[in-house]
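To start, the structure itself, in structure tokens.
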Amino acid sequence: MEVARTVRIPHAFDGLTLSRQATMRRTLFLIPHEFAGWPIFGIGWALLFLLIAVLAYVGWESRRGGLGASTAIRQIAGFAVMAAVILVVVVPRTELVNTLGDPVGVAVRGYGMFLMLAAIASVGLAAWRAERAGLGADSILQLAPWTFIGGLLGARVFYVTQYYEDFLRPTWGETLMAMAALNQGGLVVYGGFIGGFIASLIALKRHQTPIWRIGDVIIPCVFVGLLFGRLGCLMNGCCYGGACEAGPLAVQFPAGSQVHAEQLLSGELLGIEGHPVVSDEEPPAGQSQMVVDSVRPDSLANQAGVKKGETLTIALDPSYRDQVPLDRPAEEALPGVVVLRDDEVVARFSPRDLPSIADPVWGTQIISSVFAAIMFVVLLIVERILHRPSKQTDDAVTERAITGGRRPGVLMLVGFIAYGVLRIVLEWIRVDEKGQFGTSLSISQWVSLVVIAASLVTLFIRWRGVDSTSEQTPGGGNTNVVGGSDAAAAGL
């Protein structure tokens, strides 16, 4: 069976531009490899500062009379050993290298920074809401590590499964390292939701925490995390939409970004309109083959003599890597472009010859972030409606128990449905996922349909079948949550 050749692009493109005036970068700043001739990570400055901090803590505990030196050492030993392993073994493996392969430093990514903000904001808000709900902030703090680890693994596994060919390397070790390189981005929100949800269920069952009520506590906070997370995608230059006209919902990325490279290989930035060559094999990474349908008169392709009806190979040219200073990462090198006809070079364009900015694409990251902010407010409004005091409930208890209420779990299910609808719509304007199962629907759209259907069925069951004043416990009994003796309900 023949398939159309698709464009495959090497990773390691950096930066993005919101407009011709405003620029954001994938790398916020670079922690240099060494300072004063001594490396910062590995056996270096960071390890020295860790040792000084541990000794200072032990000395402080001993002098204030609270703990003895041996007790203080035992308390901090586990943390110190783990931190030392990270600084000496893990972090050096994430250092970027120059064109000669020498380490130049550790990149602090905008993507990672926004993920950290997402974690802090969502957990902090959830802890506050849990305290108000009578569940206690500790219920969130105990749950958070499980959720984050499960979410991170789920998001990465989902992404690697979708794009496994991009991670294949000559050896198993190199392949596994590529799959584990989270500093390069590559997380799928749905995978994170699924992994985090499964891990959370395990933790909630273990601690006998009320699942429906804690879900109602958390779901608005998930959208806060989504808001920051999608801004991280914007910084990383991923999860963008298809081509569109310039406008308030459009973004433009600079040379070096993934979308810029895609538009080079598709011929758009060269002034070519065409269709892919049909073949059983995909072209090598960084190449595309196409039949020219038309050429813009004022374009680079027209200057190079490209004609309608020709079959061309367009390839990214990495030969300009040497232009990057040796104190900067090799990933900052901008590619040139080579255009070939029947294996003969038709034109060669240096990075300076090429457009410095890509054509507009839908800013799906911005759309998703705005929707997340709106859904956060909407869920709070729905929550207020669901928890209006009634004649059959104790007003004080209902006001205090801001989650659960007369319909525990409804708020969480509404959030699931809303995100499923959003994702289906966004996938229609995104271009980074192919149709699955013989349809035009992407894997995320299929998952969305399953989530929506399951949530609607569960919502109907919860709405029709839940007692307005109780929630079922893991053991099968009921615990009164409004107007009864127990303020904290048990879960499923």
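Just so you know, glycine gets a Cβ as well, placed from its N, Cα and C.
The following features are taken from Swiss-Prot:
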TRANSMEM  40-60  transmembrane segment
TRANSMEM  72-92  transmembrane segment
TRANSMEM  106-126  transmembrane segment
TRANSMEM  133-153  transmembrane segment
TRANSMEM  184-204  transmembrane segment
TRANSMEM  214-234  transmembrane segment
TRANSMEM  361-381  transmembrane segment
TRANSMEM  409-429  transmembrane segment
TRANSMEM  441-461  transmembrane segment
Outside the transmembrane segment (72-92), six or more residues from its ends: residues with CB under 8 Å to it: 39, 41-43, 46-47, 50, 54, 57-58, 61-62, 103, 106
Candidate ranges 40-60, 133-153, 409-429 - greatest C-beta contact count to the transmembrane segment (214-234) (under 8 angstroms): 409-429
Intrachain residues whose Cβ lies under 8 Å of the transmembrane segment (184-204), provided they are six or more past its termini: 11-12, 26, 109, 111, 142-143, 146-160, 162-163, 210-211, 214, 222, 226, 229, 236, 238, 419, 423, 444, 447-448, 491
Positions on the same chain near the transmembrane segment (441-461), where near means CB under 8 A and six or more residues out: 162, 188, 190, 194, 409-410, 413-414, 416-417, 419-421, 423-424, 427, 430, 433-435
Other parts of the chain folded back onto the transmembrane segment (40-60), taken as Cβ under 8 Å at six or more residues beyond its ends: 31-34, 69, 72-73, 76, 80, 83-84, 87-88, 91-92, 95, 106
